[in-house]
Amino acid sequence: MALSKIAALSTILASASLVAGHGYVSSIVANGQNYTGYLADSYPYMSNPPKSVGWATTATDLGFEDGTEYADPNIICHRNGTNAQLSAPVQAGSKVEIQWTPWPDSHHGPVITYLASCNGDCSTVDKSTLEFFKIDAVGLIDDSSVPGTWGTDKLIEAGNRWTVTIPDSIAAGNYVMRHEIIALHSASQKDGAQNYPQCLNLQVTGGGEGVPQGTLGEKLYKDTDPGILVNIYTTLSNYVIPGPALYSG
C-alpha cells in the first residue's frame, strides 16, 4: 500500500474513533460459573445497581484513558474505579473466560491481563496500593499486511471473548484481575494510545506459594514506551508489549 494511502487510512480511522463504539467486560466465567461484570452503560443510571465482580466506573461513554493519565488513579481500574463487592472463586491453574461487548475492528492493539493480591478483602482494598504482575499478553500476531493482526483481532474472532489461565504457582487468596485492551489506531501521536482497563475480583483457591513481585498501577506505563507511542500503519519489525515482564512462575 502506498504511503499516502496508509497516511490517509490512519487519519480516517483516527477520526472514526471519536464516534465509534468501544467496549467493556460484561461477564466472566470462572470454575464453570458465569458472573456478570459491571455494566458501564446501564448500572451507573440505577439507584441500586446489582452487586458485581466487576469494579464500578463512571465511564458511561465507554471511553478510554490515555497517556495523560498514566500517573493518575484512573489508569488502574478505569475512570473513578470503585471496588467490586463480589468475588468470583477460581481454582489456580484453571481458565477464566472474559466476555467483552462488541469490540470495533479498527481498534487494533494488545490484550493484557494482570493480577494483584489484595492482601485481604478486595471489596475494601485501596487500589493505589495494588501491585500488578502480568499473567497474559498478546500483541502483534502477524504483520504481513498493514496494520497487522493483533490481540484484539483474536478477541473479535473468538466472539469478543478472551481466555486467560490463572497461574498454578501463585498463593491462594483474594486478587484483583486487571484486564486491558490498548487500542493503537491513533498511537502514532503522543497520548494517542487508548487504554481500556477493566478490573474484576477473584478468589483464588489451591495454588502454590508464589507471591510475584508487582508494579503499582500508576507506574505500569509511560507515554513514550515503544509499545504505546507507535505507528501501526507502517511495517513493524518488532512490537514490544507495554508494561512489566510476563510472570513466568
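Cβ coordinates come from backbone N, Cα and C, glycine included.
H107 is the residue from H107, H108 that Swiss-Prot records in the Cu(2+) site together with H22, Y196. Candidates considered were C77, C118. The record in Swiss-Prot pairs C199 in a disulfide bond with C77.
If you take the Cα of Y196 (Cu(2+) binding site) and the Cα of C122 (disulfide bond), they are about 21 angstrom apart, rounded to a whole number.
All protein chains included, N80 (N-linked glycosylation site) registers 13 other Cβ atoms within 10 Å of its own Cβ.
Listed recorded positions: H22, H107, H185. The one with the lowest count of other Cβ atoms within 10 Å of its Cβ is H22.
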